[in-house]
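Notes follow once the structure below has been shown.
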C-alpha cells in the first residue's frame, strides 16, 4: 500500500472514529441516566440538566470553536478534542457529585462539537473531489454506529455495579484511537494541482507544513474576517444564508422529536417484551446505518442536491403520514421524568424502554440532533399504561387524547403498522439526505480562510434550533395536537424542498477552489458545473490557470 493509499485509509478511519465518539456520547446517557437517577436521587430538573449539559457544551463550542479551528488548525483541533473527551470522561468516572457530572457532560459536549466540525472540514480538504462525499459522509456513519454501540453497552452494563462509570469511560477508547490515527496525517493539506482529474490516481499532493504555514495556492490567498459572512464580498452573505437554511430546515422538519414516539409505536404494534423492544430499537438503528451507507455510495455519484431532495421528499411524506394516522389512532403522549423507573417495572424493563427513546444521531449529529433534553431525561411512562393514575395524568395534560391499551387493538393494527413504517422511512430518508449531506455541503461552500468560523456559526444555529424544537414540543402538542404538529413539520418539509431545489448548488466532482469560484458569482447556479473543464464565465479578474507540479519544482 502506497503512501497516498495509507493516508486515504487513515483519513477515512479518523472520520469514522470521530462520528463514533459523537454518536456514543449522545446515546450512552440514556442507559447511564437510569442508574444515576437512583445513585444520586436526581430530581426531574437535575435529570434535564444532566442530559441537556451536552447540548449546552456543544452550543458553546459552536460559538467559539470556529476561531479555534481556523487559528489552531484542523488537525490540532481534532487532537485537542480527543484530550478534552479524555478529561471529561475522567471527571464523569471519578465524580461523586451531581454538579461534577454536569461539568463532565458539558466538557464532553464541547469536545464532540469541536471534533465534528474539524473532522468534516479536515477530511473535505485532504481528499480528492471524487472521494470527498464518501469520506465526509463516513462521519455520519460513525455517528449511527456509535449510537448502536451505546445501545449495546446500555443493555449489557445495566446490571453491573457502577455500570454508568464503565459506560462513560468506554468513550476513551475511540478517542485514543483517533488521537493516534491523526498523528500520521498531514498537519495542513495544500493542493499543488487543484485536484485536476488527470493528476496522479488516488490522493492529492500534500505539503507537510506547520500549522501556521503561509504557503497557499492563488485561490487560497484571500483573507476574511468573521463579519465578512454578512457582507457581499465574494457572495459570502448568500453562502451564509445557504448554510443557515440547511441547518434550520434540518431541525424544523421535526427530526429531533419524531422518534420520541418510537416506544409508543413499538408497543402499539406488539413489541412489548424486554427483548423484542430492545430488538426493535436496535433494528431501527440498523436501518439508519444501512441508509447512511447508501448515502455514502451515492454522494459522489448522484450528487448532494439529488440526495437532499430525495431525502426531504420522503421525510415530508412520512411525517405527514404519521400526522394523518395520529388523527385516527390516538398515541399516548405522556411522559413523566419521575417514572423512569417504576416500582412495578424491573430495571431491565426500564432500560429497554429507555433505549427506545434515542434512535437518531445528526449530527455532527451530528444528530447531532437528538431530542436530548426531553427524549432522554423525561422518558415515556412505564409499560403499565393502563393504570388509573397514569390515565388521569395523561387526560389532564392532553384532554382530547386517550390512553391506548397496553396491547394493539385489532381495529388499529394496520394504522399502527403504517405509522411504524412511516417512522422507519423518516429515519432512512434523514440518513440519506439531511443527515450526511448538510455537513458535507457546509464543508464545501466556504473559502478556506473562514471555513471553520462559518461552519461553527451555522452549527451554533443547529444546536440552538435543536434546543428550541425540543423544549417547545410538548407546548406545541398541547396547543394544536399531535396530528397537527406532525403536519406542521410536513409543511416545513415542503418549504425545505423548495429551498433545496431553487438555491442549493451541486458541488459533486468539483475541487474546493472550483466551488469557491462558482459561489463567488452573484448568481448561484443550482446545476452542476462539471469538473472536466468548469464552464467558463466572463471574468474581470485574472484568468484561471491550471497549476501543475512542474510549476512548483
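Heads up, residue numbers simply count up from 1 along the chain you see.
Glycine residues also receive a Cβ, built from the backbone N, Cα and C atoms like all the rest.
The feature topological domain 'Cytoplasmic' is assigned by Swiss-Prot to 1-15 (among others). For the topological domain 'Cytoplasmic' (1-15), the model gives a mean pLDDT of 76.
Annotation source Swiss-Prot lists transmembrane segment at 16-36 (among others), citing sequence analysis.
Annotation source Swiss-Prot lists topological domain 'Extracellular' at 37-48 (among others).
Annotation source Swiss-Prot lists transmembrane segment at 49-69 (among others).
What Swiss-Prot records for 70-82 (among others) is topological domain 'Cytoplasmic', and it gives sequence analysis as the kind of evidence. The topological domain 'Cytoplasmic' (70-82): residue composition by secondary structure is 12 helix, 0 strand, 1 coil, according to DSSP.
Listed as Cβ neighbours of the transmembrane segment (83-103) (distance under 8 Å, sequence separation of 6 or more from its ends, same chain) are residues 21, 25, 36, 40, 42, 46, 49-50, 53, 110-112, 114-115, 165, 168-169, 171-172, 175-176, 179. Residues or ranges marked as transmembrane segment in Swiss-Prot: 83-103 (among others).
Taken from Swiss-Prot, the feature transmembrane segment applies to 106-126 (among others).
DSSP states for the topological domain 'Cytoplasmic' (127-132), grouped as helix (H, G, I), strand (E, B) and coil, give 4 helix, 0 strand, 2 coil. The topological domain 'Cytoplasmic' annotation in Swiss-Prot covers 127-132 (among others).
Taken from Swiss-Prot, the feature transmembrane segment applies to 133-153 (among others), supported by sequence analysis.
Positions annotated as topological domain 'Extracellular' by Swiss-Prot, on the basis of sequence analysis: 154-165 (among others).
Taken from Swiss-Prot, the feature transmembrane segment applies to 166-186 (among others), supported by sequence analysis.
The topological domain 'Cytoplasmic' feature in Swiss-Prot is assigned to 187-240 (among others); the stated evidence is sequence analysis.
Look at Swiss-Prot and you will find 241-261 (among others) tagged as transmembrane segment.
Sequence annotations record features per position, and here Swiss-Prot assigns D-glucose binding site to 250, 251, 439 based on similarity to another entry. Under the DSSP three-state reduction, residue 251 (D-glucose binding site) is assigned to helix.
Annotated topological domain 'Extracellular' per Swiss-Prot: 262-277 (among others), in sequence order.
Feature annotation from Swiss-Prot assigns N-linked glycosylation site to 274 (among others).
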For this session: Could you give me the DSSP helix, strand and coil counts for the topological domain 'Extracellular' (37-48)?
Result: 8 helix, 0 strand, 4 coil
For this session: Within 10 Å of each Cβ, count the other Cβ atoms and name the one among the binding-site residues 250, 251 with the highest count.
Result: 250
Problem set entry | Dominant neighbour of the transmembrane segment (484-504) in 16-36, 49-69, 106-126, 166-186, 306-326, by Cβ pairs under 8 Å | 306-326
Exercise. Same-chain Cβ contacts of the transmembrane segment (49-69) under 8 Å, 6 or more residues past its ends?
Worked result: 25-26, 29, 33, 36, 42, 77, 80, 98, 101-102, 105-114, 117-118, 121, 226, 368, 372-373, 376-377, 452-457, 459-460, 462-464, 466-467
Exercise. Looking only at 250, 251, 439, the residues listed as binding D-glucose, what is the longest Cα to Cα distance in Å?
Worked result: 13
For this session: State the residues, same chain only, that lie 6 or more residues beyond the ends of the topological domain 'Cytoplasmic' (435-462) and have a CB under 8 A from a CB inside it; answer 'none' if no residue qualifies.
Result: 59, 61-70, 74, 77, 113, 116-118, 120-121, 123-125, 132-133, 136-137, 139-141, 216, 220, 222-226, 228-229, 234, 236, 239-240, 242-244, 246-248, 250-251, 292, 295-296, 299, 304, 307-308, 311, 361-369, 504-505, 507, 512, 515-516, 519
Exercise. For residue 439 (D-glucose binding site), what is the tally of other C-beta atoms lying within 10 angstroms of its C-beta?
Worked result: 34
Exercise. Does DSSP put residue 439 (D-glucose binding site) in a helix, in a strand, or in coil?
Worked result: helix
